[in-house]
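Please read the structure below before turning to the comments.
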Amino acid sequence: MILIPRMLLVLFLLLPILSSAKAQVNPAICRYPLGMSGGQIPDEDITASSQWSESTAAKYGRLDSEEGDGAWCPEIPVEPDDLKEFLQIDLHTLHFITLVGTQGRHAGGHGIEFAPMYKINYSRDGTRWISWRNRHGKQVLDGNSNPYDIFLKDLEPPIVARFVRFIPVTDHSMNVCMRVELYGCVWLDGLVSYNAPAGQQFVLPGGSIIYLNDSVYDGAVGYSMTEGLGQLTDGVSGLDDFTQTHEYHVWPGYDYVGWRNESATNGYIEIMFEFDRIRNFTTMKVHCNNMFAKGVKIFKEVQCYFRSEASEWEPNAISFPLVLDDVNPSARFVTVPLHHRMASAIKCQYHFADTWMMFSEITFQSDAAMYNNSEALPTSPMAPTTYDPMLKVDDSNTRILIGCLVAIIFILLAIIVIILWRQFWQKMLEKASRRMLDDEMTVSLSLPSDSSMFNNNRSSSPSEQGSNSTYDRIFPLRPDYQEPSRLIRKLPEFAPGEEESGCSGVVKPVQPSGPEGVPHYAEADIVNLQGVTGGNTYSVPAVTMDLLSGKDVAVEEFPRKLLTFKEKLGEGQFGEVHLCEVEGMEKFKDKDFALDVSANQPVLVAVKMLRADANKNARNDFLKEIKIMSRLKDPNIIHLLAVCITDDPLCMITEYMENGDLNQFLSRHEPPNSSSSDVRTVSYTNLKFMATQIASGMKYLSSLNFVHRDLATRNCLVGKNYTIKIADFGMSRNLYSGDYYRIQGRAVLPIRWMSWESILLGKFTTASDVWAFGVTLWETFTFCQEQPYSQLSDEQVIENTGEFFRDQGRQTYLPQPAICPDSVYKLMLSCWRRDTKNRPSFQEIHLLLLQQGDE
């Protein structure tokens, strides 16, 4: 029966993958309340054109709230076609809004006012206001029919806005009152407009017309489109057949914006993107149609130019040629690396490869390039990761999805029936054999329960256990499987304290340590890797947490007023990570730890901050993270310097290195044989020196049975003289959002760095950290110029892990970097071995890198 939970686990992981949208913003997921009903939007950000009295002011227009007189009510009755009255909400930052909710004034049964209809106006800058319209041009939305029911309305298409106005509409003179809520999520792209040539018409054989215009563009439209957003940012990716559409009741071709080669005199289409501020760009993803049988292909090359604020376009463009695909007609995302270029505007020229070029989505992975030191710390909450009752599943492509799920379920049921039938007959045979043998002999077992463990295939002695990972099992369908039906005994049950732990990501102890010198791996069943402040959390043995739970934190309390905030590095559901500068840190640090600066000089530190509105579980997890960090004492692991836990917001202060993370550091450098004379280089010796330090830090973590779970160059900080320290907040940074795969809002996974067993079985171990080290080593020797498996989509990466599991020689490995010697690439390949017990330990990796350095 061990296969049944395994197969169900794999199905559980794959179902969200099958149904997940391919666009960066998925309207089916981005449906979180933005703070009217919950109170996160403050009163001063809710304004109105007028109010009937102080008790019906704008601040009382919160959905499902009975404060004041129960709603916002304008001063005078609303007249037909008189659109002067409005309720306005300022979100302070751009948001992707997919749903609105309205309600009238009930006031405990005393109110009878409501708005039967309303319009939505929105603005991204507070000056230019846009009237929302649906895909057929209708602007008026149906409102409430009574004063108490909540009426939810999908915005199709969704909008990107900072300011939103609700404008009540009536067909006769009447008093109206409104309570409202907005649903959506933060608009992380930062894109405020794109300018492009207007889309065109595709005429099919027979005369049918496919309209490929941007029908919901909210800017000016003529021969070109200017100062607006539309279908390229609506979160809906087009189908393989551009004559079909995801959306109901719209015309064929709606999902795509398309251009004909003849309309472009230079052989390319130029699109200019304007952003909210200067940003650091990692990648651009373009969803393209490739129905080459109808003359449609992805672009053959793109050239992108960059501009900061009102300056001229920079002359050195990024050029990215593509390998055309004349075999697979599927639509796909094309990822274009932007090499951390800084800009507030990007102009891209997409070159035709055939008669037509069609796009359905364009997204950017970026982070703000700088932060204003005088800005107040943000207080707006992040979208919760818990299940939202408003969440709706994208019903597009429903029949195909249902067919796939039904087929998978039938296959699983058939396998389960076969296994149960086999076990039934096996028990019958066992009973018969027992009856025959009971008169002849008695079999008794005297193995001590605290020093033996049974695998699925055989009983194991202590010496055997130490060398086997607990997920390296022999499956029943393999010929070498033998079931010891007469000798299987029940495993000892866990005590309640061992079975459950209050710290997310804690490893459950599966066996005692073997003899000294025999390595074993800590093992954890983990789905969500993210901590409360957005970074990954270490997977820690339960026995270690039990020891830490009774200890006080041996770290000094630091005066909060001495922190000077420089930049926000990242954020999570309940907290943020900031880059700060402090003076006088030497008075508070551990006496055994030396700061890498001269005395009395300011020190750069990373501050993890828990927001004051965090719940009790988040606070407990944050304090446990402090206890874990306080135990880490290694020169290649960031050090916990001090804490601020006497009052809110709780903070932990850790080291930060002057050269930032290794990913950005290497992307600013080139190999020593580079032809560029104006770019700094890093020698092969220094690359190996940094890799050796990463191995040393991971060797220390593995000695504690700690599992990092997100080892990558983005989580390695670089100091003076190429010193390296391993950190844990890369996951919180929007700059690296493209490195993570989000499964229906439940988990954020770095799948391009994860081992096959981590993706398919949810197993995170020291062995899976070894796999990630191999990918990190590959990043280092490629100078972080591209993502691992950049030629594969996220779905193809997951498919490739299945090939590693099947081990039939069809798996794809990362290629050998140009400056990487054979010995180092051989080490990488050993980290990616299918069987975990065949991968090297970090002690072996560290020793091997040291020996190579001495050659």
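Every residue, even glycine, has its Cβ placed from backbone N, Cα and C.
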Can you tell me which of these residues Swiss-Prot lists as N-linked glycosylation site: Asn121, Asn457?
Asn121
Among Lys587, Lys608, Lys616, which residue shares the ATP site with Leu569, Gly570, Glu571, Gly572, Gln573, Phe574, Gly575, Glu576, Val577 according to Swiss-Prot?
Lys608
If Swiss-Prot marks one of Tyr148, Tyr248, Tyr741 as phosphotyrosine, which residue does it mark?
Tyr741
Say a student had to find the phosphotyrosine annotation in Swiss-Prot: which of Tyr521, Tyr700, Tyr736 would be the correct pick?
Tyr736
Considering the residues Asn261, Asn468, which is the one that Swiss-Prot annotates as N-linked glycosylation site?
Asn261
Which candidate in Tyr122, Tyr371, Tyr684, Tyr740 appears in Swiss-Prot with the annotation phosphotyrosine?
Tyr740
Please list, in sequence order, the residues in the chain of Tyr740 (phosphotyrosine) that are at least six apart in sequence and whose C-beta is under 8 Å away from its C-beta.
Met731, Val748, Leu749, Pro750, Ile751
At the level of the C-alpha atoms, what whole-angstrom distance separates Asn213 (N-linked glycosylation site) and Asp710 (active site, proton acceptor)?
42
Give the helix, strand or coil assignment DSSP yields for Cys73 (disulfide bond).
coil
What DSSP gives for Asn261 (N-linked glycosylation site), in three states, is helix
Lowest local Cβ density (other Cβ within 10 Å) among disulfide-bonded residues: Cys30, Cys73, Cys177, Cys185:
Cys185
Hey, how far is Tyr741 (phosphotyrosine) from Asn280 (N-linked glycosylation site), Cα to Cα, in Å?
20
Compile a sequence-ordered list of residues in the same chain as Asn280 (N-linked glycosylation site), six or more apart from it, whose Cβ lies below 8 A from its Cβ; state 'none' when nothing qualifies.
His340, Arg341, Met342, Ser366, Asp367, Ala368, Ala369, Leu735
Between Tyr736 (phosphotyrosine) and Cys185 (disulfide bond), what is the CA-CA distance rounded to a whole number of Å?
18
Cys185 (disulfide bond) to Asp710 (active site, proton acceptor): how many Å between their Cα atoms?
25
